[in-house]
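*Asks:* Let me give you the structure first, and then I'll get to my questions.
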Amino acid sequence: MMLADLNLDAAQEERRQQARVNAAFLLCAVIGLLCYLPFDYWLLPSHWPQLWAGRLGSIGLIVACLFWQHGHPERSELALLISGLGAGLFMAWGAALIDDTDIFFFWNISTALALFVLVPVATVWHWRKMLLLDAFVIVAYLFCFLLWSPFSFFTLGQYGGVFLLIGALISPLLSQVRYFNFTRAATLRMELAKRNAELGVAYDRLAQQHQELMQLANFDTMTGLPNRRRGMAFLKGSLANCQQEMRWSLSLLLIDVDHLKPINDTLGHAAGDELICAVAAALRGIVGKGELACRMGGDEFLVVLPGSGRAACRQRAEALRQALDGQRLTADPERPITASVGRLTYEPWNDARVDMDTLIQRVDSEMYHDKRRVRAARRETTQDVDELKGDGSGYREGEDWPSLDDF
C-alpha cells in the first residue's frame, strides 16, 4: 500500500515538475516578447501599432495559459500548445507586414529559433504536439505570406524560409529527445524513491528485530528487569570504576524470594510468577538513576548501587521490606510475600582488591545468613505461640502473629 502511494506521488510530482519547466519557459517567452517592443517601434515605424497589438495579445494569451496551468498542472502540455499557437500566429502575421529584406530575414531567423529550437529544447511535451504546432505555424505563415507579404517565395527562401522549414522538420525530433530524457530521469527518480522506501521498510524491520533481540538479550521477559547478563556487565563496569577512582564505595543487595518452590508446587506456577513479579516491582521502586536491579534467575535478584555506603545500602533493604509488607498472593491472601536480603558494601580504600565473583559470593553468604536468621526467628516465634496457647495467658484466638520485623 505504501509503495502504491509512492508511485502515485511520484507520478504527480513528475507532472508538477513538467508544469514548472513549461511555466518557466512561458515566463521567459513573455519577457522575450516584451523586449521586442522597441524593435517594432524603431524598425517598423509604419506598422508598430499593429505589431504591438498583436504582440501584447500574444502575451495576454500566454499569461492566461500560465494562470490556467497553475491550477491544472496536468494540462501543462495543452497550455503550452495554446500559447505556441497564439505566438506562432502572431509571428506569421508580423512577417507578412515587413517590407524590408534585412528585417524580414531577422524576423524569420528569430521565429525559427524561438518556435523550432527553444520550444522543443527548453520545454517538456510530446513530439506529436510539437508536430501539431509546426504544422499550424507553417500553414499560418504561408497563408499570411500569400495574403499580405510584398515578397515572392524565392525571396522567402533566400531570407529565412529555409531555416523555418528545417526548424519545422527537426523540432519534433528535438522535442522527443527532450521528452524522453525528462521522463527517463523521472522514472529513475521514482525507482530510486521506491528503492529508498523499500530500504526504509527493511531498515525499520531490522531495527525492530534488533530492538527485540536486544530486549531478549538484556532483559527478563517475565519481570521486565535487566537479566543476569546485563546485570553482570553493569556490576563489572561499576566495580572497575570504583577500584580505579578509589573515592566511592559499591553496595550490593542480593534478594532471594521466600517459599517460591512450595508456592509453585501447591498453588501453581501462575502464583509463583505473581510472587516474582511482585518482588521485581518492589525492586524497581527502590533503585534510582545510575543504579540497577536485575533478575539473576529463578528466585534471585541483584541490586547494584554504585556510590552507596553502608547506611544507604541498609536503607534500600528496609525500603524493599516495607514495599513488600502487606502484599499478599491472589491465590492465597493469607500468605505474605517475603524475601531474604543479603547486603554488602565494598570500600576500595579499606578492603582488599577483589573481583566480581568474589563480591557475588560474599553477598550470597550474607543473603543466606539473613535467611537463616529469619527462619530462626520464625521458629522462636512459633515456640512462644505454642506456649501461649498452652497456658492461655495473653493469647486470644484470631489474634495476629508477630511480624518478622519485630525480630
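Any Cβ shown, glycine's included, is placed from N, Cα and C.
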*Asks:* State the residue range annotated as transmembrane segment by TrEMBL; the candidates are 156-174, 232-250.
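*Replies:* Feature transmembrane segment in TrEMBL: residues 156-174.
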*Asks:* Would you kindly check 21-39, 51-68, 80-98, 131-150, 156-174 and say which stretch has the most C-beta pairs under 8 angstroms to the transmembrane segment (104-124)?
*Replies:* 156-174
*Asks:* Please work out which recorded stretch in 21-39, 51-68, 131-150 has the most C-beta pairs separated by under 8 angstroms from the transmembrane segment (80-98)?
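*Replies:* Comparing 21-39, 51-68, 131-150 against the transmembrane segment (80-98), the winner is 131-150.
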*Asks:* Kindly say whether the transmembrane segment (131-150) and the transmembrane segment (51-68) touch, using the definition of 3 or more Cβ pairs under 8 Å where each pair is 6 or more positions apart.
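*Replies:* No, these stretches are not in contact.
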*Asks:* Give residue numbers and ranges for long-range contacts of the transmembrane segment (21-39): same chain, 6 or more residues beyond its ends, CB-CB under 8 A.
*Replies:* 52, 55, 58-59, 62-63, 65-66, 69-70, 76-77, 79-80, 83, 87, 110, 114, 118-119, 122-125, 182
